Amino acid sequence: RRVLRKLDLRLLPIATVLYLLAYLDRTNVGNAKIAGMTTDLGLTGVQFNLISASFYIPYCSLEVPANVGLKYFRPSRWIPFIMTCWGIVVVCTAFVKNFAGLLVIRLLLGACESGLWPGLSFWLALWYPREAQAQRFAIYVAATNLSGAFGGLLAYAIEKMNGIGGLAGWSWIFLLEGLVTVIIAVSSALVMQDFPDTATFLSSEERTWLLDTLKKDTVSSSKELKHKFLVQALRDPHAYLFAIVNFFIVIPLASFAVFLPTIIVGLGYSSVHAQLLSVPPNIIGSIFTVIVGVASDKAGARGPFIFGSALLSLTGYVILFATEIPIVGYVGTLIASCGLTPASLCTLAWTAGNAGGDVKRGVMIAVMGTIGNSGAIVSSFIYQSQDSPRYHPGHATNIACTCITATLSIVGMLEYARLSRKKSQQCEKEGIGLDRADEFSELGDGSPLYRYGPWIHVASTTLTAEIPADILSERHTQRSASSRRSSRYHLEC
């Protein structure tokens, strides 16, 4: 607990702030839209939808090479670099004059941001044991919702700067938020840690414990940067199962992030009030994300939480689709927000925990992002101006997506239950034990000792280990010293 607490204090604040700024810079175009950007730039028809979708074309295409780049160039250099680049691009957005200029800017922004989400996910997965990952992912992924909350508040305040320096209010949104991103990017390079074996904030004893724990957690899977591990990931059908699940999660999630102010205006509220009313759904979504992350680790479950979150979002969108009463529709947005990000979080944790070896894990996360985040291209077109104010096609699309997500989560649970039974039978038949883990290190999760499981993704082999007295949990400290030294604690995964 002492080591994990140190990791939390040194890693999670950085990941949360960086992802918050990334999502803020990605979705502030939605706030700028209702602040007058579409009028000033003369956007008509589906041009705004094209602007929203264009971001995800390079964003999805570059995620796999970006994650390989993180392993090669080191996180403390790679992530601040790409962040500085996209901060500069956001600043430039303040000075665009037409649709063509804004389209080019959004393409550049997508290219620069492509390495952050898979990079941060991969980075955290390298530091934490799998059974402790979901709640950590939850804290930084909750920044998705927090960015919507902050974005609404900031847009409401910054919009009042309209006319200062000859710039429109929406231009100031991009200018100020981009400058903040550049400043934080440069600062983060000074405080980011790279990998557990080079952690300077851990004592030698703590570092040894962490490395041993991570080695046991992955059944000694290789950490080397080899081409064959990349091929293993790209050939693994389960990577694409997670990617498809993520695809149908991202469609409602991305549309919610960009079009929430538009949906609220469609309910009958003014554009100024819509900026403020977009805050509560995002705050509630953040809270539920953290709650689900903690509960997921406590319960040792991923699939059931994806299923439950999908049903929660489904309820919210059914309300939005069916009602004509503004306050009831607004309650629908609150309910929908409670399931969107938690489902995404658990899918990420399930993916990261079902890949053996650093390279395969990083590539599988990137594959999930590449295919999954392409759903955001679809989401850019499901809410169109001609469907105002009820937006039935958009809500219906999200209803379908949440139903598919729930169904696929069941498929995933059944598939991993089958695979774990098969591996257990192989180990029993051939007499394979943990003493032979090093023989299968380059097989990653293909090792017969590696277990998936329908609920959580950790090795189900019984591990027996002597736990030093100084790191026993508090509930064991009341045991006598002699009893504590002789006790053997079986870690059942």
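Every residue, even glycine, has its Cβ placed from backbone N, Cα and C.
Look at TrEMBL and you will find 11-424 tagged as domain 'Major facilitator superfamily (MFS) profile'. As annotated by TrEMBL, transmembrane segment applies to 78-96, 102-125, 137-158, 170-192, 239-264, 276-296, 303-321, 327-350, 362-383, 395-414.
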Study note, to complete from the structure: With the cut-off at Cβ under 8 Å and a gap of six or more residues from its ends, the chain residues touching the transmembrane segment (239-264) are 23, 26-27, 29-31, 33-34, 52, 56, 144, 147-148, 152, 233, 271, 273-275, 277-278, 281-282, 306, 310, 313, 317, 320, 330, 333, 336-337, 340-341, 343-344, 347-348, 350-351, 354-355, 363-364, 367-376, 378-380, 382-383, 391, 394, 397-398, 401-402, 404-405, 408-409, 411-412, 415
Review point. Looking only at residues six or more beyond either end of the transmembrane segment (327-350), which have a C-beta under 8 A from one in the stretch?
Key: 121, 133-134, 137-138, 141-142, 144-145, 242, 245-246, 249-250, 252-253, 256, 260, 263-264, 267, 277, 280-282, 284-286, 288-289, 292-293, 296, 302-303, 305-306, 308-320, 365, 368, 372, 398, 402, 405, 412, 457
**Study point:** Integer average pLDDT (0 to 100) for the domain 'Major facilitator superfamily (MFS) profile' (11-424)
**Key:** 86
